[in-house]
């Protein structure tokens, strides 16, 4: 098993810090397949299980590490650690690899289900999770722990000593080691240079001196915790810490033995480079790190560095200042910062790694060159308290625990981080605290995050790194945050009403449904993926009679489908039978499936109709897995997108049903091809202009309804504060609906999408964004949600609000790819002020993860079903729940009405007789909620309209919507509302059947209702 560290005072070190890059937009089957810990591993490597990481003491595996945002696998991590002579390998957060020989810093085993993120390079494998490592062991015995040897020849260890106290070196003379540094090489180098004291620092730096500086002091041996670059069994100091040695031989040197040479050490003034391209010139020797780095941008170390190469590197990036330090380090910028001050020219006494006759600075000394002698020198930076966009107030220097996070959302801005940049981004995404750390890191979050982290303030002097984007000001330091809070009007108010409604168990299920549709017979049809029922004799299709839920045997009617409907699309047709159309499927012929069901029967009375399907008579022109279906304004059906089969190539086109004459009539869509696989189940809406609005991945556009050419490419949708590549459609899966419309139907319509996730690590989105696609200057308005949510369902309610429910806090849609359910129901009210539209309602005990649905019932409750995550600890969910929104839990009686004519023409007038129990017709409302099929967060067909009406006594006359653009032809649930309390609904058809779908398809195996 993995061994915990048992040696007090000995720590391992990360040789190379991991870097975090933005997630790449790459195709990944991780969105679909369930992953597991591999058992066939190289050599004798075996799994040790799941371990905690990043606890208060630090990393669990602290050796070499690397990050691969697109290609991480367990095998590549094992190979890397093995090649670096470590016996433990750990993968974390889908993309990170860590090595060690021991379990460090209190890391402990965690449930295997905690490690649930798919590897970026192999979605069939698990690569840990947030602060969770899948750990593997080579089976070899661990090597002896690294040490600081007590004796190296005649050199005696003095322990670990401080360095750079108040900017003064404890040993002033740096030497340039010819090989990756070891303690032996550093001591030998100092002896050869004539010094009796030797100190190794920061894994690869060597310093010498004739005495130890007066400001130096011995520190805990554990402070020297960085492995020597040339010998992983030894510690070569640490940050501002020296592994100190004293020469005790009889030939003890008393001073330097001569100057010059690569690495210097003798204090002689070396050559100044003069053969430089104009107008570059030498400026002088300057003190570095007295108040932080004096030149902002550090280039990778170069053992062959020369002044010429450093100047060339900086000039190529259009910088005007180049400086060399410690023989091998090159820095670029446009000014000197942090109150840079000149040093004696003799202080820059280390020869360049590539030319020992040139001076390349020294320890904390820079040889500075510029395009002008008059280099701007900026003062010592201070916290920025003014000229910050918005209402931000500086609070102080916040201390973070090692390995902990006080503020969760991280951006890295290597060249432009500042309070303006960082806090502007935080404000744009609705966060109320923010801050900058380690110069280039920006953090955004909420006050509750900081309070939960239980952190405290550090002395102001601890935050001492200048901002790369504005070096006049400070951007924290290591584990220190320049911390700001929002002092203006809160960007969000999440309402917490006393009346939250409630969940109720409704009926035991017989399937784990993939698609739920309320038919015009008032019953709910469910379709499931073949083989996911707990019952061996399941047919995959059932109908639920709500009037019989107290009698399980009578509540469910068995139906039948002939092919696999897994991840198909569905809509209710505008024909007079209100048939439900289902298209697409999982594999082979089922991906071209066209299935039709005419709802029949009534409450308490079984129907006899069943699903009709015959591939030989009727099928799609293209194979489609994850397509969207939508009824267009002319009454035909748009079928768009998907893939050619399970985890297969994209199907970037659309087709129309009934299929037009003329052979292949599909239309290629390059934008779907480009954004596959993150654009499945695109959100489609007919706009009041007649144009078509589509959201796919993180993009949106308006299409011509006749040619389907793009009319307008809209701005990309915002994602998370730190990942603009986050998306809203499957498999990143958010949900989307259209705001209600009302007379005179001239206002630009609003579309909103909530939740979603990011590629790779599956960091769920915590916001909703809305847009008026055909309004003036359409832009996205962002509103924070109380929590992150992927795989949500949004349900249009009769009062014009929307329920947001189901899903997970982290992950993406797919089997086994999310395990932290979001149990909280939210209510979104578009009539409220932006940022104050969300109310926090009740919670459920039932996890609704992948393959869950939510749909409005005729009695104004919400039916909640499904969850087929195939994730440990979460079952195939058969239970059906009902949610009672607050409008049903006020103790008020629901109104009712009668209607004679339920087949409406556009602009027509239709009387109803109402019975109200609380209010009067002066406060009454009428709403039309279009028929919806709910699957994978896509409420296909969703639309809400508040039509005009007038009343005389208890007789009210409703005016139907004016045209097929405002309301495409179809079936709607008609509600009246007594104040806020809705009635039961009656189905009405609006706009007839202009495409004459009632006569389609004209084949023997299909029953048509006629027109």
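Any Cβ shown, glycine's included, is placed from N, Cα and C.
According to TrEMBL:
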type: SIGNAL; residues: 1-21; note: signal peptide
type: DOMAIN; residues: 44-139; note: domain 'WSC'
type: DOMAIN; residues: 154-248; note: domain 'WSC'
type: DOMAIN; residues: 279-372; note: domain 'WSC'
type: DOMAIN; residues: 391-487; note: domain 'WSC'
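Across the range of the domain 'WSC' (154-248), the DSSP-based residue counts are 14 helix, 40 strand, 41 coil. When the domain 'WSC' (44-139) is classified with DSSP, helix, strand and coil residues number 13 helix, 35 strand, 48 coil. Counted with DSSP, the domain 'WSC' (279-372) comes out as 13 helix, 35 strand, 46 coil.
Helix, strand and coil counts under DSSP for the domain 'WSC' (391-487) come to 20 helix, 39 strand, 38 coil.
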